[in-house]
């Protein structure tokens, strides 16, 4: 099956997608991962993305869509995939439907107080980007990444003022996309507030009969 995961910052889209991918054999495709891979491989699109990223710009819709188009053409997604971080606009959602129609858009719903608690406690590896949390996913050694031994830092956009701005911006951005999938009967809401193991269980129960 083909899924799109929607949800505000801190909803746990990437964490849930990773868990589902490991348990169900569905490929997890993240926009960030696609961009990093393109830059690392120095493809034509990768070089274009690198120039934008180096000056702190935002990669345009067309470029991101082309990268997604290329990724979902690989053989490993034949049995299904979970898209995390795409689409971010209705234009991208329409393009995705033309490329490969999805089965469900899963909207992960989490109360604001829970989102804030999650985001303010997040720590990210400055070298490889791995994510940790001071309460829920602590590294083996405080302040040091388990994977690459890089230094863990608080991202600027994980500070309180930035978090509140991000949540406001997300709502404005997400409403049209949620409406887009709702109109097509593809929208499913999932409670993302409980522990991840419970959210995974609910996901599996919800979609077991759809396979």
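Heads up, the Cβ atoms here are built off N, Cα and C, so glycines get one too.
It is 121-158, from the ranges 83-120, 121-158, that Swiss-Prot records as region 'LID'.
For the ranges 30-59, 180-209, the feature annotated in Swiss-Prot as region 'NMP' maps to 30-59.
Close to residue 122 (ATP binding site) in the fold, though at least 6 residues off in sequence, lie 10, 131, 132, 133, 154, 155, 158, each with a CB less than 8 Å from its CB. Beyond the region 'LID' (121-158), the same-chain residues lying 6 or more positions past its ends with a Cβ under 8 Å from any Cβ of the stretch are 9-10, 14, 32, 36, 166. Taking residue 125 (Zn(2+) binding site) as the reference point, none of the binding-site residues 12, 14, 31, 88 has a C-alpha atom within 10 Å of its C-alpha.
A straight line from the CA of residue 12 (ATP binding site) to the CA of residue 148 (Zn(2+) binding site) spans 23 Å. Counting every protein chain shown, 17 other Cβ atoms lie within 10 Å of the Cβ of residue 88 (AMP binding site).
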